[in-house]
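Now, the feature entries from TrEMBL:
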COILED    130-191  coiled coil
COMPBIAS  31-52  compositional bias 'Low complexity'
DOMAIN    141-222  domain 'VPS37 C-terminal'
REGION    1-55  region 'Disordered'
Amino acid sequence: MFNFWGSKEQLGESRPSSSSEPSPQPPPWYSPSLVTSPSSSRPQSSGGQIPSHVSPSEAAGIISLLKDKSVDELSELLTDKNAYQQFLNSLEQVTIQNNIREELRKETLHLARENLEKEPQIVELRNQCRIIRTSELATAQEKLNELENQREEILKFYSPGSLLHRLQDAMKKGDEESEELQQKYMEKEIDTAAFVQKYKKLRSQYHRRALIHLSAKTSFTG
């Protein structure tokens, strides 16, 4: 059985262990993602166990690669940074991650170039929006205000109170015209036939308006 850093069992098979020899220590550039323990698949906090992001199957694959290496090759991995990095990059998991990272980098650069190519178009659209806000939008707002004022005037003109008031004014005007017609008849300014015809028409209009006024007032106030 092999333990990457505590490799006394592996070393004992090749040469006698010496109590005076210090145990090899991981170099500062060592990545703990390769440190595995074949006896456990659960992540531990100590340096000789599988990290939480390495699955048991991945750890078994790494152990299989290390088991075929000689003591000298293992010692080289512990002491030679370049050898360790070369071995790390040869792992399938690392290769997959590097490929994904490279694809993401290329895609990011592609999107960045596309954004830079669209910058003149974006600037032009921004200028057009500014023109619309300062000119066309102002004109449209002015037209809208004008239409709203017209709408308010129309609603006011045809409001119940306004209709009753104008109907009452028409009744008053018809009454005054009737009195003027009577005065002319009394002063012999108009003959009887013409007087009767006009007076009858004026009084009919007056009474019709009076009836409408009374009906509308009852309806609006009821």
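Quick reminder: no glycine exception, Cβ is built from N, Cα and C everywhere.
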PLDDT averaged over the residues of the coiled coil (130-191): 86
Counting by DSSP secondary structure, give me helix, strand and coil numbers for the domain 'VPS37 C-terminal' (141-222). 74 helix, 0 strand, 8 coil
